[in-house]
Every structure is written in structure tokens, then in C-alpha cells.
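Chemist: Right, I'll just put the structure down here and ask away after.
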Amino acid sequence: MMNRASLCRIAVLLCILHLSHLIDSTYAQSYLTEKDFLAPLYDDDAITLSDDDFDNARKLSTEMVNSQKKRRVLSHQKYYRGDIRGRAAWTSKLKSGVRRNGVTSVIKRWPNGRIPYVISSQYNERERAVLARAFQEYHSRTCIRFVPRTSFDQDYLYIGKIDGCYSDVGRAGGRQELSLDDGCLQYNTAIHELMHSVGFYHEHERWDRDQYITILWNNIDKDAYDQFGRVDLTESSYYGQAYDYYSVMHYDSLAFSKNGFETLVAKRPEMTAVIGSAIDFSPIDLLKINKLYNCPAPNTIDISQISGNGWQGGGMGPRAPLPQVNLPLPPPPPLPTNPAIAIVGECSDRTNLCWRWLDRCRSYFFEKIMKEFCALSCGYCVPTNAVSKAAPAIPLQPTLSIAEGPEGPMPPLYQRFG
């Protein structure tokens, strides 16, 4: 005879068998499907640009695309991280790592100039149109092609609102992030970040940059020193092109300033106002892209398209003059003179930075200061008594040598980067 314990075990087994028949087969068994295996290959919110997006891009007027402030958002992001991140930023911090103006490694280039991409579904219609416009300009002026990603593309760009404006440089491998967050969706910012992805660092990081610009270390925040490194000439090429003040890859003169004073000053004084102000590719930008990817395009600039008004090629609008052409910058349009506060007698500006602050001339908070330092530019002078040019500007802070920082010799890391 079976004891009570055995009977209890049999009863439990019978209950389990009975319950198993009551459970639906979909819950009793679960198998991995083809969809489960493919899911990790896709981003949850990823989409691609549609034909409607490209149609909207064509409708964007040149004035609308170009009516934007200078692209200072890139060089004034929080935490001094700059707009180069990912493997490129990590490599630049290694002991043996160096930055390069244009990548020379075949591995870093996108095969045949084909760049698979997806974008975040968070972008609205206007933002997608700006992205599509940037893609169109690459397609029409270079052999670079941004194409929707397929399941066969392991290396691709994911463009999303991640954290500010940044990109890796060249083809990094796998899912490669390019962030164009709120505030970054401007045409010039988009082509700048995409040019990083194509394979280019900043123009002011060229190895020969000290022949063309001066770094004012006294005005740079310590945490941003590595944003002013130099590229390694032995491992890269400038593709036979001169230093390009007009490049869309150049930072502005106030980049990473800790005190509002200039950090980058051009050796040619009139170029200080030019650097970092590009709203489109320069002719040299396009030449370097086409040379890097062996595009079936001319390797020289068509001189017939150069006039006194600058580059007249196709695309977004007027092009900047060639760097070799020394054209004076046009003076800012004079503001209406206010008779009630007009300054009688000899009148002039007391600083060479007034052109940057013209929007503050009639500000309630800044009017008194602007009247004191920028009377001529702000239109506070009586026209008959105004002098024709500004008074001697307040001198900039002294320039330090390449191996010096604002507080003496720079650490080895910064000496290595320039």
C-alpha cells in the first residue's frame, strides 16, 4: 500500500497535468521568430526622408535657409565638448592619437561615397526639409550619396535629437550617431556635421594653421584647450588646397571664449570677421570632398565663375571669394541717428568688436554702454561730425606661443595638440 506522502505527490502531478491542458498553446510555448532576430538591427524611431520631404526642401527659399545667425552654436556648446565625438574624439585623446584634417585611411572613407542613413521620427516637417536640403546639396555638388539604410548595411548614420550638435569623423563602423538637436537644425550646421561624417576635421586644426591664425590662449577656458589641437601632416593631406578662412568647417573668432574676448584671430585682420561665418560650402570645401572620394568633378576652381562679388557657382547662393583674393569687408549698414541722444563733435568707436553687437545698440540694458564704446557703428553720431573710421581699437590680450597656456607652459597633452 502507498503511504500518504506518495498519494500527495501523485495528486500534485495530476493537478499540474490538468492545468497544463488549460493553458493556451501560445503561452505554453514561445519561439524566436525572424522578426526577433532582425529587431536589434533597427532603431525603434528610425525613418528615412520621403519624396515629400525632398519636395519641401526644394520649396525652401534661399532667403529662408540663409536668414540665420552665424553658426556659433557648434563652438559654444556646454561642457566644452565641441562637435566631434565618438571614436574620433576618443582617438584624439590617446597618447599616440592624432587628429587629421581629412581622413586618408580607406577604412575611414565610405565605400563609393555611399552613406546609408536613418533619421529620428522626432523631426518635424520643416526640420526634415532642412535635412533633405543639405542632402540635396551634397548630391548636386559632390559624388556623396546619402541613401536609406537597408538590412544589408551594417555601417550607417543615425541622425537624431540626441544631445546638441555633434558627429564622428568619417566611417566609424556600426551605428554611427550624428546629433542635430533642437537649435541645430539650420542648413549650415547640418552640412558642417555631415562633412564631419564624410571625413573632415575642422579647418583651424590644420598643422600649418599658425601661419594663418593666432590662438589667444589667455581667452580660452582651460577645459576647451583640446578643441584647438593641430592635425598630423604626416598622416593626412590638405589635397593641395590653401588654408580656407571661408570654410564651413572653420570655428568663429569667439570659439570657447571664457571672457567674451576673441580666441581665434586671423593673420589677415579682415579675415577675423570671416572665419566661422560661412552659411554654405566654400569652393575649397567642395574641392576637398571631391578629391577625397575621387569624384568625377574638376579638381580646380573654375576661374570664370569668380567675380568681384564672390563665388557664383550653383547651390545655396553667393559664394565667398577665394582666400587668395584680398577683398575688404563691406561696412555694416548705418543705423538711423537718434537726434535726442546724438553725440556732437568727433565721434568714433572705441573697440573693433562693435559689428558683433549691433543688435544691442537700442537695447534698454545696453544702450548706455553701446553709446560709450560703439557710438559710430550704432548711429549715435551727428553725421557731419562723425569721423570716417574708428579710433584705435582696444588691444587684444597678448598672444602666447604654441607651447604656452594662459598660466605658463601647457601640459604635454596640449603641447602635442598644438
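Here the Cβ of each residue, glycine as well, is placed from N, Cα and C on the backbone.
Given the structure is predicted, the values throughout are model-derived calculations rather than measurements.
Per Swiss-Prot, the feature signal peptide maps to 1-28. Taken from Swiss-Prot, the feature domain 'Peptidase M12A' applies to 101-296. Taken from Swiss-Prot, the feature disulfide bond applies to Cys143-Cys295, Cys165-Cys184, Cys347-Cys381, Cys354-Cys374, Cys361-Cys378, supported by sequence analysis. What Swiss-Prot lists as Zn(2+) binding site is His192, His196, His202, and the listing cites sequence analysis. The active site annotation in Swiss-Prot covers Glu193. Swiss-Prot lists 347-381 with the feature domain 'ShKT', giving sequence analysis as the kind of evidence.
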Chemist: What does the structure give for the C-alpha distance between Cys184 (disulfide bond) and Glu193 (active site)? Integer Å is fine.
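Modeler: Rounded to a whole number, the Cα-Cα distance is 10 Å.
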Chemist: When DSSP states are folded down to helix, strand and coil, where does Cys381 (disulfide bond) land?
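Modeler: Its secondary structure by DSSP: strand.
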Chemist: Starting from Cys347 (disulfide bond), work out which of the recorded positions listed here (His192, His196, Cys295, Cys361, Cys374, Cys378) have their Cα within 10 Å, and give them in sequence order.
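Modeler: Among His192, His196, Cys295, Cys361, Cys374, Cys378, the ones whose Cα sits within 10 Å of that of Cys347 (disulfide bond) are Cys374.
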Chemist: Which state, by DSSP, holds His192 (Zn(2+) binding site): helix, strand or coil?
Modeler: helix
Chemist: So for Cys354 (disulfide bond), how many other CB atoms are inside 10 Å of its CB?
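Modeler: Result for Cys354 (disulfide bond): 21 neighbouring Cβ atoms inside 10 Å.
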Chemist: Quick one: among the disulfide-bonded residues Cys184, Cys361, Cys378, which has the most Cβ atoms sitting within 10 Å of its own Cβ?
Modeler: Cys378
Chemist: Could you say which of the disulfide-bonded residues Cys143, Cys381 has its Cβ with the most other Cβ atoms inside 10 Å?
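Modeler: In terms of Cβ crowding, the pick is Cys381.
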Chemist: Out of the recorded positions listed (Cys143, Glu193, His196, Cys378, Cys381), which are within 10 Å of Cys354 (disulfide bond), Cα to Cα?
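Modeler: Those near Cys354 (disulfide bond) - Cα within 10 Å - are Cys378, in sequence order.
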Chemist: Anything within 10 Å of Cys378 (disulfide bond)? Look among the recorded positions His192, Glu193, His196, His202, comparing CA atoms, and list what you find.
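Modeler: The recorded positions close to Cys378 (disulfide bond) (Cα within 10 Å) - there are none.
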